[in-house]
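Worksheet: one structure, shown below.
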Amino acid sequence: MSKQIVHGDQCRKKIIEGINVVANAVGITLGPKGRCVAIEQSYGPPKITKDGVSVAKAIQLKDKSLNVGAQFVISVASKTADVAGDGTTTATVIADAAVRELNKAEVAGIDIQEVRKGAEKAVEAVIADVRKNSSPVKNEEEIAQVATVSSNGDREIGEKIANAMKQVGQEGVITVEDSKNFNFEVEVVKGMRFDRGYISQYFATNREKMITEFENPYILLLDQKVSTVQPLVPVLEAVAHTGKPLVLIADDVDGEALTALILNNLKGSIKVVAVKAPGFGDRKKEMLEDIAILTNGEVITEQLGIKLEKVNDTSKLGTANRVIVTKDHTTIVHDKNNSDIEKKVNSRCEQIREAIKDTTSDYEKEKLQERLAKLRNGVAVLKVGGATEVEQKERKDRVEDALHATRAAVEEGIVPGGGVALFYASRVLDSLKFDNEDQRVGINIIKKVLEAPVRQIVKNAGGKEDVVVNELSKSTDKNRGFDARTMQYVDMIKAGIVDPTKVVRTALQDAFSVASLVIATSAMITDHEEDNNTGNRSGGGVGGGHHGGMGGMDF
């Protein structure tokens, strides 16, 4: 395929135009009066959302040069979502403003490398000031405030998340799922989460969120590494006949075995996800046994005379109501009404408590306490309902955003919301030292860019940006901000309008990182447009027209 190359000013112009297209679509969602975006789906009704990263990821521009710019800012939103779980719209708005201002300096003939150095110093100083003015989350009400703001002012969502955290602890496991009715409920069930994710991203069932979600799966627990597929065949065929998915937790899965599982998963012969077992050595064996008790299964281990190739039915497999696997974590949710499992879990907890009493090692005691907490605290499930499927999905998105923001707040604290944390932090730049005038230009660019979130929130609320910015510039109270919901100036902390420090910090860092890359780019290589309209137009099917029944599994 032939390529086209664009250089210099024309290159940056196209990239900036692409960034601006995405930023305009994402920016309208910011703040309490931000608007929703309707995203066409390949099937079913459109997705209605105010989630910045969902909007960004849905954008694919026809013009390939513009699309390069779009992908730059989509990467900002994605990275911020991965690290902080929220703040994607703020990051996008800042990145757009930073790229435009840095480009003006470049066009004016200023040494862009020195400008970048000055801007980098400014970003570091602002982040230090934001951290300095951060306050820890002290109580349930503050957790509710963070969740309320992040869910677009939905107080019910804020209170439900605060209630869930109260029941399972601030570091407890909370999941979000669809309710079977109109209601929004919190339910605490038996379950656990451990710090191991899927072995390959090809196991992800939700490509947008890159997670695997299984309802009522079987769980195969192996105290061994699996490299060849043959020992797995009997149990895989037994599970395939039931039509249920399989979660395979083992020391490791690689080679032929991993390839076969991925192939059959993609083919649809069996829904499966492979996960590495948590822990190491003897602790790994104990944690596998914990999972076995929770799921009413058995650990397949040759130490007990159980060989994998002899497992040809589902009798030794565990079960769960739901399993969610990300690249980093696995969460198992079980039915709290199963009295047999309840008794076994309570007995196991008692064994762990006795072990805690007997150990003299602080490290061992800490690890035992972690295991006890995983078994004892359970999982809080936020069940989100709605009058229609579209309404339910939109609300579920807001609940997930609010949950991410709340976790970020617990981790690093909170700052005044509404964009004022960055706005007031920019004042430290007035006394920031610089090596030359070009660096001062970079510092001033960041100072101007930090107005962008406030301006976007005011704009979305139908207010006058310059008037609000001018009013806040006079304020000596760093908590004073503009409440876009009431169109009044208020003490943001007292009004409960707060942002997680981690979200604010990450948004600025990621936005500047991408803006720096864009401004350092002087050439762009893309496919020729006409090449996309050529190619094989034959009507033949893929793979030689194989049409079997289910076709069995590929081993």
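For all residues, glycine too, the Cβ spot is worked out from N, Cα and C.
Noted in Swiss-Prot for the protein shown:
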BINDING   Thr29, Leu30, Gly31, Pro32, Lys50, Asp86, Gly87, Thr88, Thr89, Thr90, Gly418, Asp499  ATP binding site
REGION    528-555  region 'Disordered'
COMPBIAS  537-555  compositional bias 'Gly residues'
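Feature annotations (Swiss-Prot) mapped to structure.
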{"residue": "Thr29", "record": "ATP binding site", "DSSP (3 states)": "coil"}
{"residue": "Lys50", "record": "ATP binding site", "DSSP (3 states)": "coil"}
{"residue": "Gly87", "record": "ATP binding site", "DSSP (3 states)": "coil"}
{"residue": "Gly418", "record": "ATP binding site", "DSSP (3 states)": "coil"}
- Task: Measuring CB to CB from Thr89 (ATP binding site), give everything in the same chain under 8 Å that is also at least six residues away in sequence.
- Result: Val26, Gly27, Thr29, Leu30, Gly34, Gly52, Ala77
- Task: Within 10 Å of the Cβ of Lys50 (ATP binding site), how many other Cβ atoms can you find? Include all protein chains, please.
- Result: 22
- For Gly31 (ATP binding site), list the number of other Cβ atoms lying within 10 Å of its Cβ atom. 28
- Message: I need the most crowded of these binding-site residues: Gly87, Gly418. Count other C-beta atoms within 10 angstroms of each C-beta and give me the top one.
- Response: Gly87
